[in-house]
Amino acid sequence: MKYGSTSAPIQLARAKAMSSVKPWRPDEPAATIHAEGAWLQGAFISKIFYGFIVVLSWQCFALLRKQTNRSNYKTKISFLAIVFAIFLFTTLHTAYDMKEIQLGFVENRNFPGGPNAYATLSHANTPGNIACIILQWLCDALLIWRFVMIFRGCFIPMWLIAATPIIAYFGSVVIGILFTINQLNSGSPLVRNGVDWTMPYFAVSLGLNVLLTIGIVARLLLYRHRITSVFGAAHGSHYTSIVSIIVESAALYSTFSILFIIPFALNSVITPATLQPIGQVQGFATLLIVHRVASGIAWSSDTQSLLTTRKELGGIQPPRFIPPSSVSITNTVGGSEENRSQYVDERGSIIVGVGIMKVVETDTFSIPESSDIASHGNMYDGV
């Protein structure tokens, strides 16, 4: 809808805007403009993942709250605290990040060097960065716990398995504290002329997550291969499926870590696009693990014994079947015994539970009473 004639300045502005030349382009180097564009794009991606976190936090809270009772309240409260902490720290990081964008791109748009220079020199997002660092410590600790849980029962001593991740974790905490001090006191000559802890912190923290992800993926793939080779693909699929492996190993965050650390090391202009959402991605990946635990489908200390016939998965042997003709049944009816041969099954095996196989080695066994059958179910189910 048109109201009156268009003024000459507006017409001139439109004409310039339609031309191939960009007269309204900021007087900044192309690299700076590209970096600021990557910064905004990364901020948008981080807000998308924050939306996922809000929804997933509520789902985890509802599941855990529903399952809490007097017998398990200590464990459930611990997970509820983790969910709340992840939601809190990602909210703080998101809020301060949005405030920094407003200050840099709106309220201080004419700052020398542009919004990127303003963000670097003003430290408006320092509280948000601290919240992100604490969030990373929390998520790293939970991933180490999952790593130890999945490697439980390995022939390698557990202390040896956990030593490297734990040492790297404490190294990450120490370097993170030094990195935070740098953020808080960047104007100090001692800090300005000292060591820049940014690269060491991200290298150790992200390297730790990649190491844990590779270890968990390798372990679960080994379980997957051995279980499917003996029992078939249907057994334990919710523990060893591709989706389960991706979630349990926090592979989503490790992928983002690699996408960030490589451009960061190369000082690429696209670094902000992967740096901005890295905290939200880690929080989201950790909540996926908590959701699996709350849903009862995560790997636990009892999973291995349910899926295998031995304490060590490496000890699985192919099942040995009994020839049907060699099986005889002794049936006691009214005090008299009747021995007769009976064709039980062409495979002659009995399977009880999920992946627990019992092979009948004797020539004679007794049929249980009808009450026992009713209480224990059909012995031949799953053959």
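Just so it is clear, glycine is given a Cβ too, placed from its N, Cα and C backbone atoms.
Summarising the annotation, TrEMBL assigns transmembrane segment to 48-65, 77-96, 128-148, 160-181, 201-222, 242-266.
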Per the Cβ under 8 Å criterion, with at least 6 residues separating them from its ends, the transmembrane segment (48-65) contacts 76, 79-80, 83-84, 86-87, 90-91, 94, 277, 280-281, 283-284, 287-288, 290-291, 294-295
Contact set of the transmembrane segment (201-222) with the rest of its chain, CB cutoff 8 A exclusive, min separation 6+ beyond the ends, reads 136, 140, 143-144, 146-147, 150-151, 154, 164-165, 168-169, 171-172, 175-176, 178-179, 239-240, 244-245, 248-251, 253-254, 257-258, 260-261, 264, 282, 299, 313
